[in-house]
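Here is the structure we will look at, set down as C-alpha cells.
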C-alpha cells in the first residue's frame, strides 16, 4: 500500500503510460532492443542525476556537473592523443579522480569557506569551461585523433549490453547500497533533513556535504570519459546546459530541493522519463524542437504533484466522530 | 549514595565576543538521580547544554567523568562518553524511519561494514518495548506526533547506552497525559542508574521529579543542593536574586461596551462553532490543553488561516478578515507564541520591526520617511522600557524578553482595538512575566480589549475577566466570577466536566 | 545587562553614515572596479578611448536591466532562473509578429507583454501553488525556451524595421547610448523602489523572515507576485534592446544569460539566501563585469577565458571577507 502511494509508483505509472502512448504510434519503440538503446542513451543522465541527488539531499546544489564533465572529457581526450599507448582504464581512473578533485574544490569552498553552494558552483561552472578552452586552445579533438580502444570501450558489449549501460547499472547499485546501507548514506539524509540535529548526533555537516560534492564530481569525471568516447569528439561546449537536465531529472524524480528527501529509484525514473521523451519524439514524428518544452512542462507538473502529496498532511484537531454526536 | 559524580563541571567558563555566557560554573550529576537546572532565560542553560554535548568547547575550567578530566572536541566525543541530550524541539530526522533515528551514528553493521537493517529493526523494536512504546520501527518519523517523537528520542538515548541524559524542557510541547508518561519514563531511566539533567521552567514538575537542584543566574553558579532541603520561594529567590511575590496586578477597571463579536467560526479540520463576544477593556482568557485549537482559532481571527464559515463584527462594522493586513486594518493584532519565527524579524533593526505594520502612516505616497519612523519607534519602545543600544540595532542582538517587547511595541504602534496574546509568558523568566502581566492590565485599563491564550492556570485565573475553555476545536465552557475555579478549568479542558455536581464539589 | 530603572533616551543610530559606508560591500567592490579600470588603462592604449568605453557598456546594460529586478527578487528570498528563456521567448514573439507587418511600437509592446506574461506565470506557480521558485523557474526555463524553439526551429527572424534599431543601436547624446540611458534611469528607479519605499521595506522583511512578515501584515504573496512580474517585464525590455542591437532573433539568443545575471547580482553584494543587498552594489558589479570583459577583450583574451575571471571574481569577492573574518576570529 505504501508503495502504491509513493512517488516512485506514480513515476513508474507515468512512464508506463508514456511508453504505451508511444507504442500506439510506433510499436517498435517498446521492443526490448530499442528500450535497451534508450537506456544506454540515458546512461549519462542517470549517472549524473544520482550524483546530483546525493548533493541535493545534503541541501546543496551542484551546477558545475556539466562543466566538470566537459573538462574531464577534454582531459581524457587530450591524454589519449598525447599518450596513445596509455591503457584506457588508466585514463578512466585519472579523469574520475580529476572529477572528484574538482568536486572537492566545490566541497571545500562550501565546507571551509561557507559560501552558498549555488554561488560556488555557478562560479566553478564558468571557471571549468574557461579552463577547457585554455588546455585545448579552443580546438576540437576529433574522432580520427583518438585511438580505437579509447572510442570502443563504452560501446563494447558485455552480456548483451554496452559497457556504458553497465556503468550506469553499477552506479545505480552502488548509490543504492551507499544511501540505504551505509552510515555515510544515511547521514546525507540527516544533514539535509535537519542539519541542526545532525550536529547533535555527531555528524559533521560540512564534511558530509563535502563528500557529496566529491562523489558528484567523481561521477561527472567518469561520465566525461564516457561522453567523449561515445560521441568521439571533445570541445569546449560539450554537454552545455546539461546540468539543468540533470537537475530536472532529480526534480521529476521527487528529490526535494530543500534537502533530505529523495530516493535512488526516483532519480533513475526521473532521468529515464526525460530519456524516453527525448528518444521518442523523432519516432512519433514530433519535431525534436518540442523536446525542451515538453520536459519543461514535465518538470512543472512533477513539482506541482510533489507539493500536493507532501502537503495534505495536517493535524486534525476536530474529531470527525464528534460531528455526529 | 555515591560520592563521586558521574559528570562534574568545575569552574567552566565560556565567552563569546562581548558576552560571558558561562562564568566559572559548577554542576554535578549523580547516577540514578535527577538534577534540575534552574535559571531565568539568559542564565546560561543552553550554553551549558551545548558545552556538555561537545558543540561548544569551554574556554576555562574542566569537565570530569567519574572524577577524570575529559575534553570533548566534537559532538561525537561527548556521545562516546555517554552524554546525550533530548532537546526542546525534538531534534530528529523526519525522513528517516524510527529505527534509523534511534541508531543513526551507531547502527549495527554486517561483516561487510554495511548497516544490518534487520538487526537494527529487531533491536529498535525491543528497545521501544522496554520503554512501553508501541511504535513500528519502520515508520517514518514524519508520520508521528510530537509525543511519539519524544519516545524515539528517549529510545535513542538508551540505545547509545548513555550514562548522562540531558532533558531540555521536555514537557514544553506535551499534553498533560503525555507529560505523565514522560515522568514515568524518567523514573525508568533513574532506576536504570542514568544521571539525568532536567531543565525546566515549571516549578511543580521540578518538585515532583527532581532529587537535586543547581541554580544559575547570569551565567554564574548560584547554588545547589537537595530538593528536600528547599521550598519554592527559596528557589525563586536564588533564581532572580530578589524575592518575587507571585501576585497578579489589581484590575480596577470593569469592562465597557461590547466591541468584538465572533459568530460561527468554523474550519474544516481545526475548530468549529466558535461564537463569543469581547468587551472594551476586557481580558478574555482562552484555556485548554495544548492542541485544543486555540492558536489555530486566533490565527484565523488574525487572517493567517481562513475559516470556512463565520463572520466577526467590530463595533457595528461586519468584517471579513482574509489576511493579516485586513485584521490590522480592522484593529485586531496578534502576538504569536513562536516569537523567533513569527514575531520578530531578527536581522532587521528595531525601528524597522516596529514600523513594519504602520508604514502606511509613517510614509507619504508610499515613500519612506525615516524621521517619522524613528519617532514612532521611539514612542512605543520607550513606553515598554526596551533595553537596547540604539534603535538601529538588529533585533537578533536583543535578549528574548526585549525581543518580545519589540513585537508588542510593533503592535501597539498600530493603535489596535483588540490585541491577541498567544502564550505571552511562555518560556520567559519570572521577572519578565510580572512585567508582562502588569502591562496587560495597563492596556486593558486604557480601553484595549485583550484576548489571552494561556495554558497556565494561575495566569488564566489571575488575569482574566472571563475564560473560554476549548477542547478538540470546540468551545466547551465559558467561566467567570465564582464559576471560574482551577478545578472547573481542568475538568472542562480534559472533558470530564459533564457531571455538574462534581464540578461544584 | 545592567538593571537601571533610570529613563534613558534610545539613540536613533550609533554609527554615522560615513562609518557604515566605509565598512560596506559597495566600497570594497568600488575599489575592485577602480583597480580593474587602472590596470586596463595601463595595459592597453585603446582602453581610454570614449567610443570604445561607450561600446563596452553593451557588455552589461541588458543584463543589468534584468539584474535590478533579479536583485529585488533574490533579496526577497526567491530566484528566477528563467530570465534568459523569457528574453528568448519575447524576442521570438517579436520576430513572429514581425512577419505580420507589426510596426516598432507594436513590437515593443509584444516584447514587454511577453515578458510580463512569463513573469505572471512564474509568479502564479510560486505564490498561488506555493512551489519553490528555484525548481519552478528551472521548469519554466525549459518551457519558455522550448516554446521559442518550437516556433524558431533552427531558423531565425530577420528584417526588423529601421526605427526598431534605436533601442540597441541609438545614441541619446554624444557617447551615451540609449541602452546606457535606460540602464541609468532604471538604476535610479529600482534604487528608490528598494531603498526609499514601503514596497522595498516589505522586500527586505520577506527576505529575512517571510512568516514574521506575514504576521506583521505584509501582503507577502502579492509582493512576491509583483517581483516576478517586474523580473519578467525587465527580461522583456532586455529582449527588446538585445533584439534591436543584434537585428535578428536566433535560437541561441541570450543563452546562459541567467547565470551571468545571477552572478552580477551576487557580485553586487546581494545575499543569495535573501534578506540583504543594495542596488548601488549591483550597479557597481555591472561596471566591474563590463570592465573585465572589455579589458580582456582589448588584450585579445577570448570570451570563454574571461569567464574564468568572472567566475573567480564571483567566488573570490565573496570568499575574501569570509576568510579574513575567519583569520581574525
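Residue positions begin at 1 at the first shown residue.
Positions of Cβ are set from backbone N, Cα and C atoms, glycine also.
Sequence annotations record features per position, and here TrEMBL assigns transmembrane segment to C:27-48, C:68-90, C:96-117, C:129-151, C:171-194, C:225-247, C:253-274, C:281-298, C:304-324.
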Recorded stretch, among C:129-151, C:225-247, C:253-274, maximising Cβ pairs under 8 Å relative to the transmembrane segment (C:171-194): C:225-247
Considering the transmembrane segment (C:253-274), which listed stretch of C:27-48, C:68-90, C:96-117, C:304-324 counts the most C-beta pairs under 8 Å: C:68-90
Best-contacting stretch, by C-beta pairs under 8 Å, relative to the transmembrane segment (C:68-90) and drawn from C:129-151, C:225-247, C:281-298, C:304-324: C:225-247
Outside the transmembrane segment (C:281-298), six or more residues from its ends: residues with CB under 8 Å to it: 25-26, 29-30, 32-33, 36-37, 39-40, 43-44, 46-47, 52-53, 56-57, 59-61, 63-64, 67-68, 71, 183, 187, 191, 260, 263-265, 267-270, 305-306, 309-310, 313
